[in-house]
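Enquirer: First the structure, then my questions, so here it is.
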Amino acid sequence: MARKDKDNGPEFVPLTNRSHRSSASFSSTDSLSSDGSLFGDDDVNALHSQKITRTQLPEENPYRDDDVELERGDNIFSRPTENSKRNRGSRLIWVVGLLCLGGWILAFVLFWGRRNSELSSSIAAVHGADSATGSTSYGKPLTLDGVLNGSWGRRRHSISWVAGPNGQDGLLLERDEDEKKAYLRVESIHSRQNQTDAREGWVLMESGAFAVNGKSLQPSATWPSPDFKSVLVAANAVSNWRHSFTATYWLFDVDTQTAQPLDPDEPKGRIQLASWSPQSDAVVFTRDNNLYLRKLDSDKVSQLTKDGGKDVFNGVPDWVYEEEVFGTDSTTWWSKDGKYVAFLRTNESMVPEFPIEYYMSRPSGKKPPAGLDKYPDVRKIKYPKAGSPNPVVTLQFYDIENAEVFSVNVSGGFADDDRLITEVVWASSGKVLVKEFNRESDVIRTVLIDVPSRTGELVRVDNFAQDDGGWAEVTQSTTFIPADPANGRPDDGYIDIIVHDGYDHWGYFTPVNNSVPVLLTSGPWEVVDTEPAVDLANNIVYFVASKESPTQRHVYSVKLDGSDLQPLTDVTKAGYYDASFSIGGGYVLLSYDGPRVPWQKVINTPSNQNPFEEIIEQNEQLSKMIEKYALPAEIYQNITIDNVTLQVVERRPPHFNPVKKYPVLFWLYGGPGSQSVDRRFSVDFQSYVASTLGYIVVTVDGRGTGHIGRAARTIVRGNLGYWEARDQIETAKAWAKKPYVDKDHIAIWGWSYGGFMTLKTLEQDAGQTFQYGMAVSPVTDWRFYDSIYTERYMHTPEHNPTGYEHSAISNMTALQQNVRFLVMHGTADDNVHFQNTLSLIDKLDMAGVENYDVHVYPDSDHSIYFHNAHKMVYDRLSSWLVTAFTDGWQQGNSVLPVT
């Protein structure tokens, strides 16, 4: 499904919800912009470059503060006097009366002004509306156009730290789109402050355009060789799935500033993936699902595999492995010594195809035969639904010296149809760590393969099916730690996430075949599953965790022996931080994402005795905008349901009046391991609803979500939707009792998993608490979703048929008890298939249910962008909600035809 960890207010996220995944794939309101001066991977997705215009909404807010306005009707101020010769006594009485009335009015206004001021101050003090949103009550209302077009997006830079050829730390790769210095260069972080000499800088590409045989090319992405002598350049990139793309590839020589095709025999060939050897002497790449090798000392290209094609992938993932396992376009891994290449061979010949039909466009690029242009373009995707055959994956190795492909069998492994390979990490001396999951993702086998000797052994087994009945999370955060006897590390080892006392923590396994870790972290809090940074010289590990609160993220350090846990960020204040460390761990790009206006700076780490600090970004434009707009207050609090403490955020309109009654909109995602309630700065659709429409918006992260411990997270296994819906309903009941809430106007909405949860909540509640709902791209039956994701949380349909029946949206009578609900879906959704919505409509038809609306977006995928569709989604959500909260649907249902 599409995920999002919420990044600047995304409305939907992939079902593959892991915090280390890029959130920028398809974010409905994520409008991050990145300055080209500091960059990482090039973005080949141009979704957010689209300009979105605002739909006109009613000028007046139906819930403005009418109750504090003076009446202006038939009174003394407007009534004409009947006798112009009134005596002075009468006038004096009127004057005194007016003065008293005026004094009373003034006192009333001052009282409420002071009360509201005290309320705002209390919110700021208690809940940290140190959140920038909540600090302004006066100004212009937000516009939907401004929210959608990126005006409120924070500027955020990514630094691509690189290792110097001679081990220098603090080197970064920079791209300058304006080419004021050079298009692509490597320089020391100190050179930005003129603190270094020229030898610590390399100009890699002087210009962003380069010519080959008289044809000018523009880079889509660039990867310098480790020795900085060449640059691998992708041009003419065309997106495939969420992360993958194809392009023409070129080898750019730094000395001569000239380029040649990666494969001289096929310069126009579309390549899926290419990567440098650690020694900079070769490139391995995949084309047409076969693996090739180009050594730089020759123009010859060697074909390593020959079985690749429609059903077999070598070195790149198929759809489900890209979406649900690796979150990237690569399943190719060079050994550290450059002698071997490990790659995944994926055979999906037994995986059924699912057709995606395009009615308005032709993504295939193929012109139909004459007379057939009225038929849709059809793309068939190998998509394993729950219970269907999975692709069969095997780990293969290529021996560079002997030009041989082989595999290593480790006894006791899972059968072909019961095996997922989720992580491959090279160690030293030709050894590699491999994680294998069973199909239902509740048993992990970690094996250590000695590639030169072609042997392997089982080093760890994590059996969650027996331990707590939960699932194993897919991560790519295992970090190899090389031996250094002189520095207290006699053996190789690795850092990995482990479960300790019901929470995710870091463990250090040394030697690599040791199954008992050194515990690096512990306690009733959890670490973020992004790869930790390691300062090998000082045996220090840096990581991000939610130690202070589930809604916060801070950066910490700990020694490899598990001692001296220290915060790197200010934990005395609510904060949400991210960090990117230099290769040697001496510098860090610290990114503060909220609750105040985001900023970024590069600093030295505590082990680096050379003080350094440079502010990279302050988002001054956001600070200026905040002063001009009336933003909602965000009140963070907890709610306890069934003895489980859950995180809640309530967004109140800027001119909130506690004596009024406000409609309430619940927004949720709610997928396993996800998180929507956090302290990031965000001005999104929810902000617009509170600021401009004047409604309260509430989000609760229910059971099943992230950073609340495994007991509360894994309780949802086998019956997705039940506990999550219960938490939404119980929270809504609590809000319905609040004196400022209009309990007859409570709605819920979500996208993707949030769409499923919207329908499941409406079904389970049956109109008792919620009256309205809006579901976008929802799953309606988990048998329709992909196997790897679904079976992780639901087991297989064969093992859990009852759970699948219960989790499906099936009680149409219950849905009929709601006043009205809305369902929207893109017809070309390759993630959550349109089949889900069609199945729901069929059930509604058979039950004779009519209290719903449907909007379909032709040729739109899960993000719903095609042909202005994204704007239309939010226009429809907004106008539909206004109609609901002004009783438009109830009035419409009561209209009878004239006879």
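Cβ coordinates are placed from backbone N, Cα and C, and glycine is handled just like the others.
Sharing the record's features from Swiss-Prot:
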- SER752: active site, charge relay system (ACT_SITE)
- ASP829: active site, charge relay system (ACT_SITE)
- HIS862: active site, charge relay system (ACT_SITE)
- 22-37: compositional bias 'Low complexity' (COMPBIAS)
- 61-74: compositional bias 'Basic and acidic residues' (COMPBIAS)
- ASN149: N-linked glycosylation site (CARBOHYD)
- ASN194: N-linked glycosylation site (CARBOHYD)
- ASN347: N-linked glycosylation site (CARBOHYD)
- ASN409: N-linked glycosylation site (CARBOHYD)
- ASN513: N-linked glycosylation site (CARBOHYD)
- ASN638: N-linked glycosylation site (CARBOHYD)
- ASN643: N-linked glycosylation site (CARBOHYD)
- ASN811: N-linked glycosylation site (CARBOHYD)
- 1-37: region 'Disordered' (REGION)
- 51-84: region 'Disordered' (REGION)
- 1-91: topological domain 'Cytoplasmic' (TOPO_DOM)
- 113-899: topological domain 'Vacuolar' (TOPO_DOM)
- 92-112: transmembrane segment (TRANSMEM)
Enquirer: Hey, how far is HIS862 (active site, charge relay system) from ASP829 (active site, charge relay system), Cα to Cα, in Å?
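Expert: With the alpha carbons as reference points, the distance is 5 Å.
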Enquirer: ASN347 (N-linked glycosylation site): which of the recorded positions ASN149, ASN409, ASN638, ASN643, SER752 is the nearest Cα neighbour?
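Expert: Going through ASN149, ASN409, ASN638, ASN643, SER752 one by one, the Cα closest to that of ASN347 (N-linked glycosylation site) is ASN409.
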Enquirer: Across the topological domain 'Cytoplasmic' (1-91), what does the pLDDT come to on average, as a whole number?
Expert: 33
Enquirer: Have a look at the recorded positions ASN513, ASN638, SER752, ASN811 and say which one has the shortest Cα distance to ASP829 (active site, charge relay system).
Expert: SER752
Enquirer: May I ask for the distance between ASN643 (N-linked glycosylation site) and SER752 (active site, charge relay system), taken between their Cα atoms and rounded to an integer number of Å?
Expert: 28
Enquirer: Give me the CA-CA distance between ASN811 (N-linked glycosylation site) and ASN513 (N-linked glycosylation site), in Å, as a whole number.
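Expert: Per the Cα atoms, ASN811 (N-linked glycosylation site) and ASN513 (N-linked glycosylation site) stand 52 Å apart.
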Enquirer: Taking each of the glycosylation sites ASN149, ASN409, ASN513, ASN643, ASN811 in turn and counting other Cβ atoms within 10 Å of its Cβ, which one has the fewest?
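Expert: Selected from the glycosylation sites ASN149, ASN409, ASN513, ASN643, ASN811 on minimum Cβ neighbours within 10 Å: ASN643.
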Enquirer: Just to verify a number: CA distance, ASN149 (N-linked glycosylation site) to SER752 (active site, charge relay system), in angstrom, no decimals.
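Expert: Taking the Cα atoms only, ASN149 (N-linked glycosylation site) lies 21 Å from SER752 (active site, charge relay system).
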Enquirer: Rounded to a whole number, how many Å is the Cα of ASN638 (N-linked glycosylation site) away from the Cα of SER752 (active site, charge relay system)?
Expert: 25
Enquirer: Return the count of C-beta atoms lying within 10 angstroms of the C-beta of ASP829 (active site, charge relay system), excluding that atom itself.
Expert: 23
Enquirer: Please give me the CB contact count at 10 A for HIS862 (active site, charge relay system), counting all chains in the structure.
Expert: 24
Enquirer: Secondary structure at ASN149 (N-linked glycosylation site) (DSSP, helix/strand/coil)?
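Expert: Its secondary structure by DSSP: coil.
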